[in-house]
């Protein structure tokens, strides 16, 4: 006869797998602005790889920065600020500080879809308040600021889920050198 007792407190999932919504957590601000992490990229390919990694790792932080810049471009337009603050409430509850995935009609909505819909709705609602040029300037400044930060912030010190070994140590065997070699081998 099968046991009917329920065991509470047991972890049933594999500890190395993470839910998709855990990927978009807000990272600590000192980690984002750590001055020791900034350096010039070696090449355009390195800059592109850094941008891709940093956009993935600091996604929520970059969204907050872009929304703050957009808000600052609306300071002299009170109607637009009210519309922005209303849309920011949706950002807050649906994306920025939501620990659970969004579920509509018993279907889980992908976080990229939530990000796209919120971005599109914010831009459309602000353009309808006749501040289209302000929105455009704010978005351009936000993209430039985020892009420059992502390109110049090194990725060596970022800890990604699943990188750690079971004992908590990182493997350095087979990893790329931190500095480029200059074409000669030391003997």
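Every residue gets a Cβ built from N, Cα and C, even glycine.
Annotations in TrEMBL come from automatic prediction, not curation.
Annotated compositional bias 'Polar residues' per TrEMBL: 1-19, 178-187, in sequence order. Under the heading region 'Disordered', TrEMBL lists 1-23, 164-187. The annotation transmembrane segment is assigned in TrEMBL to 57-75, 81-97, 133-152.
If one looks beyond the transmembrane segment (57-75) by at least 6 residues along the same chain, the residues whose Cβ comes under 8 Å of a Cβ in the stretch are 23-27, 29, 32, 81, 84, 88, 91, 95-96, 115, 122, 126, 131, 134-135, 137-139, 141-143, 145-146, 149-150, 155, 158, 160.
Beyond the ends of the transmembrane segment (81-97), by six or more residues, the same chain brings 24, 26, 60, 63-64, 67, 70-71, 74-75, 111, 114-115, 118, 121-122, 125-126, 128-129 to within a C-beta distance below 8 angstroms of the stretch.
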